[in-house]
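Q: Per TrEMBL, the features are:
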type     : residues : note
DOMAIN   : 8-100    : domain 'Ig-like'
DOMAIN   : 105-192  : domain 'Ig-like'
DOMAIN   : 204-287  : domain 'Ig-like'
DOMAIN   : 295-382  : domain 'Ig-like'
DOMAIN   : 392-486  : domain 'Fibronectin type-III'
DOMAIN   : 487-583  : domain 'Fibronectin type-III'
TRANSMEM : 606-626  : transmembrane segment
COMPBIAS : 644-654  : compositional bias 'Polar residues'
REGION   : 644-679  : region 'Disordered'
COMPBIAS : 663-673  : compositional bias 'Basic and acidic residues'
REGION   : 723-754  : region 'Disordered'
COMPBIAS : 739-754  : compositional bias 'Low complexity'
Amino acid sequence: DLGRSSELAFVVEPSDDIAVQEQPLILYCQVEGIQPITITWRKNGVMIADSENAFVLANGSLYVSRFQRVRGDGSSDEGEYDCMAQNHYGLLVSRKAKIQAATMSDFHIHPQNAVVEEGGVARFQCQIHGLPEPVILWHKNSMPVNTDNERYTLLPKGVLQITGLRAEDSGIFHCVATNIANVKFSREARLTVSGSRSSVYKDPMILVGPENLTLTVHQTAVLECIATGNPRPIVSWSRLDGRPIGVEGIQVLGTGNLMISDLTVQHSGIYVCAANKPGTRVRRTAQGSLVVQAPAEFVQHPQSISRPVGTTAIFTCVAQGEPPPQITWLRNGQILETSDHIKLKNNNSTLSIYGINQADEAIYQCLAENSAGSTQASARLTVLWADGLPSPPQAVRAETVSATTIQVSWEKPLQNTKEIIGYVLHIRKAADPVEMEYQEAVSKSTFQQLVTDLEPSTSYSFYIKAYTSRGASKASEVTVVSTLGEVPAMPSLFIKVINSTTVQATWEPSIKLGQHEGFKLYYRKVHLSQYTGPVLLASNVTAYNITHLDASVVYEVKLLAYNQHGDGNSTVRFVSLRETVERTVLNPPCDCMKDEQNNKTSTTGIIIGIHIGVTCIIFCILFLMFGYRGRLLMCKNVQEQLSTPQIPRSQRSATGLVLNGATRRDRDDRDLNGKQLDMNELERLFPASPCQEQHEKGIMSAHSLSAAHDETQISTLPLDEFSIIEEQPDPLPKIPHGSSPAAPAPDHSPAIEG
């Protein structure tokens, strides 16, 4: 029952047919449904009136007594026929049946004489057009060709192939074409088989390759391929797209013709015939395309539905075929025209009817058609209507309140108002399709509604329905009104001081401004009442420089956007140039060239400083190394003095050790008691050295050595204060033992610091 309405549906529809001249023709049509049902016929869209030549049978079929391709008045019985069935639920139209007259033309290709050497291949062809397709048979010497002979291959398109020719194959050939319209004979052709089989090598060659074919599913395709060569080539087939040909329904006719039975759409493609020399890669190829069409058929049928008044009805009809079918909708047999409340979507696969009413109740048909055939399916829309429903609301008015608000008011229906439970206001932009409509519910005691959040300068349509528990009333009259225009919003404004006499006003374009034609810029000194301006700026301008200003006063800058509805609110900013002037005095403008030169000088100074620092580090390291060596020498000297017996001063070397640039006599005068040696320092500098014991001995006798002025005082000094001075020999007066030392004479000898 898919695709059928229980109230009215086709059981049998007319089909395509080929009629014979002067013979009767019957087109079948059978309908089921609720009686009474009336059946009529149309040819090429024109109603067929009953006559002696054509009339409707009791079962609904059409009977044509004598089919004529061309009548005396120039009319023809050929054409497209359809059957129409109607009852009080609606009207149905059947699929179109194409009726053609059986014909047969003359042969336009006749077989040709051929001379072929023994062992070769002979091919004869004849072609003729006719309806239905003529059946072609071959005769040799006026006798039907023996099709049991494997060397003889008859192809459906009027081709005869003979392989492995022998002398007995010579003869006279002709073809006979037959269909329900006529029988015709072609001209004769002679085949001569000459000589004996040649042993000369010949490259493989394809004599005839496959033709391009367009067929319908379930038909049979024969792709011809005949090749010659010595040795005899091997013929193979493949698809150009690399897909396998398969084995089901595949058969090889003769030595290389490919026959595909029970065609499907998947068989479409480009087929390649290859003639290969045995044992080598030498080959020749030829190709042809096969297009398989499929008549339209439904994947999803429309279903009959029942809907209350004011709701939406949706029918879905999905068809497939090759090529893809075109879908057309009919309403009670007439082509359905779209409108505000009838829409077709998804390549006409979906029919939507919005806000249905009783006038929409009908039988809807989906017709799917392509070059391979057509089909139809139907469904009925029942509009539910309860008695006693309210009449439509009255006096619907809409008044514009603002750019985004409209107030809608109405009066209650004239009839059946007791059961009303509320109203529904239907709102839609006038330019939008019906499916963009939205609703707002209103209580039964309210007769006006403020509709907000609308768009400025936009037209809207409104209508009202009254609802009861049993359904809705019919829609009220539609009223259309537009919102007011809206001025632009406030723009953002920023002020930047360029110099002591110029500021720059900048702002950002924004969609929040709304529709605007441009900007107006004003400015003034704050103590004045008069503005300079307006400066009119285009909508794409985002900055403006205000020049020739007085640096001693404060300025007010004002910016607003405007459109055809007026000026928007302005944005105000205040700016003072005095601080800029003061900063300029305190911080004069930089000399960029000078700064750049200073930067270069500073960079050079840094590099020189780094080199000096590295040099100082190196000298410090060397100084430490030499200082360490000097202490070693001092330690050695002390050891020698401590271990050597006391001798008179006059016998000593005139060279002495001086610390911090002073002679030992000077130090003796400054510190008669002497200083104790720093043992920790010596231990740190000379751990476990032999001089340590002698050092200790020196400390024990330090006082006596000091009194006699015969010994050398040693004190701990930092390395950076340490120096060695070599004294020149200077004869000194001999001091008696135990006497006090006299003040030393000035030493005028030169000193060398190391």
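Just so it is clear, glycine is given a Cβ too, placed from its N, Cα and C backbone atoms.
Those TrEMBL annotations? Automatic predictions, nothing curated.
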Q: Let me know the model's mean pLDDT on the domain 'Ig-like' (204-287).
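A: Result for the domain 'Ig-like' (204-287): average pLDDT 92.
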Q: How many of the residues that make up the domain 'Fibronectin type-III' (392-486) does DSSP mark as helix, as strand and as coil?
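A: Output for the domain 'Fibronectin type-III' (392-486) reads 3 helix, 47 strand, 45 coil.
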Q: How many of the residues that make up the domain 'Ig-like' (105-192) does DSSP mark as helix, as strand and as coil?
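A: Result for the domain 'Ig-like' (105-192), in helix, strand, coil order: 3 helix, 43 strand, 42 coil.
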Q: Per DSSP, what is the residue count of the domain 'Fibronectin type-III' (487-583) in each of helix, strand and coil?
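A: For that range the per-state counts are 9 helix, 48 strand, 40 coil.
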